[in-house]
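S.K.: Pasting the relevant annotations from Swiss-Prot:
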type: BINDING; residues: G39, V40, S41, G42, G43, V44, D45, S46, T141, K170, S192; note: ATP binding site
type: BINDING; residues: D45, E146; note: Mg(2+) binding site
type: BINDING; residues: R121, K154, D161, H252, K253; note: deamido-NAD(+) binding site
Amino acid sequence: MHEYIRKSLTIDCEAVTNYIVERIREYLEFSNKKGGVIGVSGGVDSAVTATLLAKATDNFFILLMPSSSTPKIDLDDSFEMIKFLNAQNKYKLINIDEIVKSFSNKIETENKYIIGNIKARVRMIILYAYAQMLDYLVVGTGDKSELLLGYFTKYGDGGVDVLPIGDLYKTQVRMLGKCLGLPERIVTKPSSPALWEGQTAEGELGIDYETIDSILYLRFDEMRSEDEIVKMLGIPIDIVKKVDRLVKISQHKRLPPEIFRLSGRAINSDWRFPRRWA
């Protein structure tokens, strides 16, 4: 990673931790909910988010929702996080294979991408069922890199109430995980949704996260041109254009459903519900 980017993305771990923990507390109070439910996958994003949630409130519940495509190491690391958070009485293990098989059989598909999205959406349904039972919010685990790239399932892992690490790039999440004292194996593990066997984020995207984060930061935080990024990072312009395109074509994933404006007070375009009523 270019030294300028490394310095720019370096975070004050204590300050970031304190800020996010306080914001979680505030948002739970504002939402009039008792706590948060979270899915833990064994990856760094869910591990960091679960740790921050546990620091914010004692009222948290963890769901482990493996499938046949979940690597054993991910399930092992999920249980490692249960121990790390002393949450032996605050979790539930639910294998989703039978539910996913029922869905895929009904729609008569063996397409791995469709089935992968079904898996993500089944997990969302389970999270919200537990959230309703417990009167909790669903706490999402997406980071800024994934959100910008659209590397999540709409109404799947993207279907949540709050995204505590949504303004941290993947490399920053790893920094924070290290500062929080998470197991090294989890902090450094290659990211993967594990929606099918052998899937890795970097393999699917074709670019490593250090390069992705460098491009995203320069392009969308500093508003640099493609040519400037190519010159600074010394990478082919095709890679910069690919990242740029992924952000543009996934914009619909980051927005609420489009409402076609007919009146002078259309929701979202003319009238927005305030975060807090005065």
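Note: Cβ is positioned from N, Cα and C throughout, glycine not excepted.
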S.K.: For G39 (ATP binding site), what is the tally of other C-beta atoms lying within 10 angstroms of its C-beta?
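M.R.: For G39 (ATP binding site), the 10 Å Cβ neighbour count is 24.
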S.K.: Which ones in the same chain are close to K253 (deamido-NAD(+) binding site), with CB under 8 Å and 6+ residues apart in sequence?
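M.R.: Listed in sequence order, they are G150, F152, K154, G158.
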S.K.: Give the distance between the Cα atoms of G43 (ATP binding site) and E146 (Mg(2+) binding site), rounded to the nearest whole Å.
M.R.: 13
S.K.: Need one number for the deamido-NAD(+)-binding residues R121, K154, D161, H252, K253: the maximum pairwise CA distance in Å, whole number please.
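M.R.: So the maximum pairwise Cα distance among the deamido-NAD(+) binders is 17 Å.
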S.K.: Give the distance between the Cα atoms of E146 (Mg(2+) binding site) and D161 (deamido-NAD(+) binding site), rounded to the nearest whole Å.
M.R.: 17
S.K.: Using Cα coordinates, what distance in whole Å links T141 (ATP binding site) and D161 (deamido-NAD(+) binding site)?
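M.R.: Between the Cα atoms of T141 (ATP binding site) and D161 (deamido-NAD(+) binding site), the distance comes to 11 Å.
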S.K.: If one measures from the C-alpha of R121 (deamido-NAD(+) binding site) to the C-alpha of S192 (ATP binding site), what distance in angstrom results, rounded to a whole number?
M.R.: 16
S.K.: As a test of the contact definition, list every same-chain residue at least 6 positions from D45 (ATP binding site) whose Cβ is closer than 8 Å to its Cβ.
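M.R.: Once residues fewer than 6 apart are set aside, D45 (ATP binding site) is near T141, G142, D143, E146, I165, K170, V173, S191.
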